[in-house]
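Record features, source Swiss-Prot:
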| type | residues | note |
| --- | --- | --- |
| BINDING | Asn135, Lys136, Ala137, Asp138, Gly184, Gln185, Ser186, Gly187, Met188, Gly189, Lys190, Ser191, Thr192 | GTP binding site |
| BINDING | Cys266, Cys271, His273, Cys279 | Zn(2+) binding site |
| COMPBIAS | 10-20 | compositional bias 'Polar residues' |
| DOMAIN | 85-242 | domain 'CP-type G' |
| REGION | 1-20 | region 'Disordered' |
Amino acid sequence: MPSEHPFSDGISTPNPKETMNDTAQITASYGRRYIVRTPDGTTYEASTRKKRVDFACGDRVRISPVNAEQVVIEDFLPRQSLLYRQDAWKTKLIAANVTQLLIVTAAVPSPSMRLLQRALLAAEAAGIEAVIVLNKADLPETALWREKLKFYETLGYPVIETRALENADLLRPVLQGHSNILLGQSGMGKSTLTNALLGSQTARTGDISAALDSGKHTTTHARLYDLNGETQLIDSPGLQEFGLHHLQAADLPRYFPDFRHLVGQCRFHNCTHRAEPGCAFKAAAETGAASPERLAFLQGITDELPG
């Protein structure tokens, strides 16, 4: 008899000790509540031991059965990547094992260049490819924001324009073969894009999302979907800030595509790229080979980091 539990996806689960695979992937995370899916497609509500919170959507984990609907997460398997943010007070895991970050932005409501820049740095630090999605591209307010994003195309970040209700399919070739995550401010259209890409899957996953979100109209948890056998997509809650306290100041220049080729070229090995003579970074900014605003951004992030 199929389970009536809202997190089970209506999948029948016989004796768990006889049928359960001991590995699974976290497909939803909400505080200390998780949904995991085993290789045969069965889903379970999951908890952790000792109130551990170091698990993320996308993690592949070892599990132990509790009953036909619930399991305990014992530990995570080695990660390919981990995307997270950290400020002076706390660390927030965003997603594990993703290979591509899509930063969804739009001219309305007010877009945050600060968030965009920081998310790109976090992706570089995690070894994750990054793509910028300019959503709501048909709005008249888009022209100015589009112009600002052209700079990031020169750095090698693709910028893809979408109108979520009309041409979300433009993203399919970009997503194909990747474990993707959509990230951005609230109101940028991440969930609308996700629903458009899911198509017929939307109704099937709606009960789980509604249960996790407690009836809210905005995404409050990370949720992983399979677009096909080779492609996954994580929809994540909206962000306003992206702390980078987990980064090391000495490594920062390597995360800037426009400055990494200058690493090691300054006269002094401990150059702060400010007033030192023979600074390759400062020279590049002064001659127009690099953006003075980007150098100021690098300096500002360096000042934020502890130590």
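Heads up, the Cβ atoms here are built off N, Cα and C, so glycines get one too.
Locations of recorded Swiss-Prot features on the structure.
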| residue | record | contacts (Cβ under 8 Å, 6+ apart) |
| --- | --- | --- |
| Asn135 | GTP binding site | Val104, Thr105, Ala106, Thr162, Arg163, Ala164, Met188, Gly189, Leu193 |
| Gly184 | GTP binding site | Ile103, Val104, Thr105, Leu115, Ala119, Lys190, Gly238, Leu239 |
| Thr192 | GTP binding site | Ala164, Leu165 |
| Cys266 | Zn(2+) binding site | His273, Glu276, Gly278, Cys279, Ala280, Phe281 |
| Cys271 | Zn(2+) binding site | Gly278, Cys279, Phe281 |
_For the binding-site residues Lys190, His273, the one whose C-beta sees the most other C-beta atoms within 10 angstroms_ = Lys190
*Relative to the mean position of the Cβ atoms of Cys266, Cys271, His273, Cys279, the recorded Zn(2+) site, which additional same-chain residues have Cβ within 8 Å?*
Arg267, Phe268, Thr272, Arg274, Glu276, Gly278, Ala280, Phe281, Lys282
_Where Cys279 (Zn(2+) binding site) falls in three-state DSSP terms_ = coil
_If I restrict to non-local contacts, at least six residues apart, and a C-beta distance under 8 angstroms, what lies near Ala137 (GTP binding site) in its own chain?_
Arg146, Glu161, Thr162, Arg163
*Entry from the binding-site residues list Met188, Cys279 having the most other CB atoms no farther than 10 A*: Met188
